[in-house]
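Novice: What TrEMBL lists as domain '4Fe-4S ferredoxin-type' is 65-94, 111-140. Sequence annotations record features per position, and here TrEMBL assigns [4Fe-4S] cluster 1 binding site to Cys74, Cys77, Cys80, Cys130. As annotated by TrEMBL, [4Fe-4S] cluster 2 binding site applies to Cys84, Cys120, Cys123, Cys126. Annotated region 'Disordered' per TrEMBL: 161-185, in sequence order.
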Amino acid sequence: MQALTNRAKPVSRKPMTLVEKLYMWNILKGMMITLRHLFKKKATISYPEEKRPFSPVFRGLHILNRDEEGRERCTACGLCALACPAEAITMEAAERLPGEENKYREEKYAAKYEINMLRCIFCGLCEEACPKDAIYLSETFAPSNYQRKGFIYGKEDLLIPSPKENPGEYWKAVGNRKANKEQSN
Ligand code: SF4
Ligand code: SF4
């Protein structure tokens, strides 16, 4: 058949040698690549047993903070909800009753406080807006869940343990970054 252009290149189809027919050389070449990778530094880690260090500016799961006496700091002012660009925060305020001074720091507190993690973009504006140091983004991941409602975090999920009743769990929940900041103040 006549070629349309002169750009066609003839392909040489050399018959395979005996070594090539045995495929031994190619198998050895493949094994050597595998062996080389065995002794190389791994690009992956064994999560969750191993964890990568977070960036100093990492913003993770929200935490509702308590003061040094274990009282809830949040006064349900709504500034965090107002600052939230994703409209992820909702709350209901309640008046503190006589005798509840050891539970709530201010006269008004959040009886209900919810963050919809499916909306949240972890921008940290709620933390910036809070005048009471009541909410901040910790160094913890928001865990995965199979159901959408599992991503609606209520007050019981966000409020950290009391530093008076459970100091170990309190400092664990606070995280290193916030703990260092509080201790340097
Ligand atoms: S981190 Fe940003 S998006 Fe998430 S709740 Fe706070 S303000 Fe809203
Ligand atoms: S978390 Fe802070 S900004 Fe939000 S309602 Fe409570 S006190 Fe106000």
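Placed from the backbone N, Cα and C atoms, the Cβ positions cover glycine too.
How about a rundown of where these features are and what they're close to?
Specialist: Taken together, the residues of the domain '4Fe-4S ferredoxin-type' (65-94) have an average pLDDT of 95.
Cys77 ([4Fe-4S] cluster 1 binding site) falls within neither a helix nor a strand when secondary structure is assigned with DSSP, and so counts as coil. Of all Cβ atoms in the protein chains displayed, 18 besides its own lie within 10 Å of the Cβ of Cys77 ([4Fe-4S] cluster 1 binding site).
Under the DSSP three-state reduction, Cys126 ([4Fe-4S] cluster 2 binding site) is assigned to helix. The Cβ of Cys126 ([4Fe-4S] cluster 2 binding site) has His62, Cys80, Ala81, Ala83, Cys84, Ile89, Ile135 as same-chain neighbours under 8 Å, each 6 or more residues away in sequence.
Long-range contacts of the domain '4Fe-4S ferredoxin-type' (111-140) within the same chain, counting only residues at least 6 positions beyond its ends with a Cβ under 8 Å from a Cβ of the stretch, are 54, 58-65, 72-77, 79-94, 105, 148, 151-155, 158, 173-178.
Sequence-distant contacts of the region 'Disordered' (161-185) (same chain, six or more residues past either end, CB-CB distance under 8 Å): 56, 63, 65-66, 68-70, 136, 138-140.
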Novice: Among the binding-site residues Cys77, Cys84, Cys120, Cys123, name every one whose Cβ is found under 6 angstroms from ligand 2, counting any of its atoms.
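Specialist: If the test is a Cβ under 6 Å from any atom of ligand 2, the answer is Cys77.
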Novice: Please list the binding-site residues from Cys84, Cys123, Cys130 whose Cβ falls under 6 Å of any atom in ligand 1.
Specialist: Cys84, Cys123
Novice: How many of the residues that make up the region 'Disordered' (161-185) does DSSP mark as helix, as strand and as coil?
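Specialist: For that range the per-state counts are 18 helix, 0 strand, 7 coil.
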Novice: Taking the Cβ of Cys74 ([4Fe-4S] cluster 1 binding site) as centre, how many other Cβ atoms lie within 10 Å?
Specialist: 27
Novice: I need the most crowded of these binding-site residues: Cys80, Cys84, Cys120, Cys123, Cys130. Count other C-beta atoms within 10 angstroms of each C-beta and give me the top one.
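Specialist: Highest number of other Cβ atoms within 10 Å: Cys80.
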Novice: Check the Cα distances from Cys123 ([4Fe-4S] cluster 2 binding site) to each of the binding-site residues Cys74, Cys77, Cys130 and keep only the ones within 10 Å.
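Specialist: Those close enough: none at all.
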